[in-house]
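Visitor: Would you mind keeping the following structure in view while I ask a few things?
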């Protein structure tokens, strides 16, 4: 393919055109390619991204004049009245016939008083260059090389003005030759090119409108000839080269209706791919292991490069796919709208009609979706189709209703794939598409297609579906409502999306950075090119009820199709911030949002973290040893069997198992399956430990309050509570939250989701019950101690009585706090100070 289609082909398949190999890789890479029978040049990607400007590339439907062999009969006459031309520019796209080295006349303009009034001639020299010469009033410029005679399409412009006889020849956007003095007559006797002459394409006129000779005729193809009565600037010539017509001072515009075509000249209407801003593209020469440049319009082999992690994720999605969505879309469309395999799908050029039909069918299937949650392969297939549609070249004269309908379907499909239920699907392809922000870039491409819809009578277009919309004025805008992107962003591993965002402030550590508003995009356009300008905007955000420090950051997003995008605060600042909205100023146009940054109140150092880990390991080790010794003593010494000893044994076993697993859980992090298993058993045994602490509380309650239940029935109830309840809680949690059960960085429950409440919820309930039991036990103990004191030592001093009551209060509290698990209550104070973290770990690791 040519460079442009090769680049597009790779990008549509979630890859990139091959980048330049490193020095050490060049030789082995050449051998690899040669083993696959590739010995010529292959395309390389441009690292600076200059070529990534699709708006410069236009598919242009134009009549092309095909001049075959050189003859004295083939000609085309321009049916236009030419005024006198004190200055002139003539431009066209040309394909030179390389079979002959004879002089050829591209065009000739004659007037009755002067046959060689204005003429362009050329020939191929021995070195393979096409040389041009300009003739004005019979005066001849030298033949100078302008482009290679390679059989490819080239663009040329020639300019001349009577003042000083200044002239220039441009080829492929670059000035190849220029000088002055070509038929200059001085300021005292100005002489323009005469008007009302005859303009002939492909022949030299030896008489007015005739006298053609075979050896001076043109052979090759020519199209898009335009003539102006002024000198075009270099910028205007670049625009003309890219098929944009400069209307100012245009004398003749290319049109088959304004041409008299001789019958043997073939006129073909074809889709002409206009050149882009860069003429040559970089290639890797396989044979020599070196680099060079080739015309971007050449058809050369190319290689799509995947990142390994992205490739593996794509293969996994492909293998696990049921192809249900793809099958339904293709069945409904009665053709292959979406290929089943993105790796082996053919190159397909999509026009506006095909794009409209494809999106219509896809929107219908997604809207009536039998499976509301998309598979990974389904999401990738939809994104691939959106990429193809956004790359569709809109032809001149397209139906405006079709364009509007295409935009409507595009917005609907975009809204449907951003539904909240697809959050996990976005996460599953995070290496291929770095989050849903890739959709922003695709919509930005799509909005450019709406340009033809703007007229003097219709200066604004708005297309919206749900929370997603496009608006095109001179400024194009997009918006993605809060529900469209934010939930997907928060669930799609988007922490890597934020750069240049302050990581700390006043000793506080950033806990999280999230998108707190709608996302908007804005670009100012002039002649289809973006112009950067400053922007002031205000966005509403949801009022956050958080017990943490927050700040709002005005940010801009720089996106690429597959990388997703990076948020940056560079060039943006907060103007005013209110509880429900923030006003921002940015010195450039792009995609905007307000980011919400949440801070921890205290930042722990690496040394503090290490100390806490060491204390945990030592405390749990000591506790584990003490628990094992106690358990053995219960069995060996022959402690009389009772409710209390049975409950103690079960609590000891559960707590010992939990602490043993906790000590060695760090070793399981490297293996996903082992880590998951360790987490499940940690959840079970800690839950069981707390359940038996609850049983300890219930047992105490039965001692201080009369309970009408036999000991046998009580023990059955205790076992159901101590082991049955934890099994049920863990089982239900695994069944409902299997995929989000384990935390990312360690083997414990995921604190970023609601899974953590499967532990915290029951624990808080148990601690509340046991606190009430402790309060009741202390009251009974104090009351009993007071009565005993009066009976045994009725004459003791007040100080002794107070001391005995204090001891009667302190003793059950000291003994029962760890037994009932109430030392865990201080966990709620950990975030306030590192001291509380030390207290928490010491008390509970030594429980």
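Backbone N, Cα and C define each Cβ position, glycine as well.
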Visitor: Quick one: which of 680-705, 784-809 does TrEMBL have down as transmembrane segment?
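Guide: Checking TrEMBL against the ranges 680-705, 784-809, the transmembrane segment one is 680-705.
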Visitor: Transmembrane segment per TrEMBL sits at which of 581-609, 813-841?
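Guide: Here TrEMBL associates transmembrane segment with the stretch 813-841.
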Visitor: Quick one: which of 540-564, 615-639 does TrEMBL have down as transmembrane segment?
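Guide: Range annotated as transmembrane segment by TrEMBL: 615-639.
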Visitor: Using TrEMBL as the reference, determine which range in 508-526, 717-735 is annotated transmembrane segment.
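Guide: Transmembrane segment, as annotated by TrEMBL, spans 717-735.
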Visitor: Is the transmembrane segment (651-668) packed against any residues at least 6 beyond its ends, judged by a Cβ distance under 8 Å, and which are they?
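Guide: For the transmembrane segment (651-668), the far contacts come to 616-617, 620-621, 623-624, 627-628, 630-631, 634, 674-675, 677-679, 681-682, 685-686, 688-689, 691-693, 695-696, 722, 746-748, 819, 845, 847.
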Visitor: What average pLDDT does the predicted model assign to the domain 'G-protein coupled receptors family 2 profile 2' (612-847)?
Guide: 83
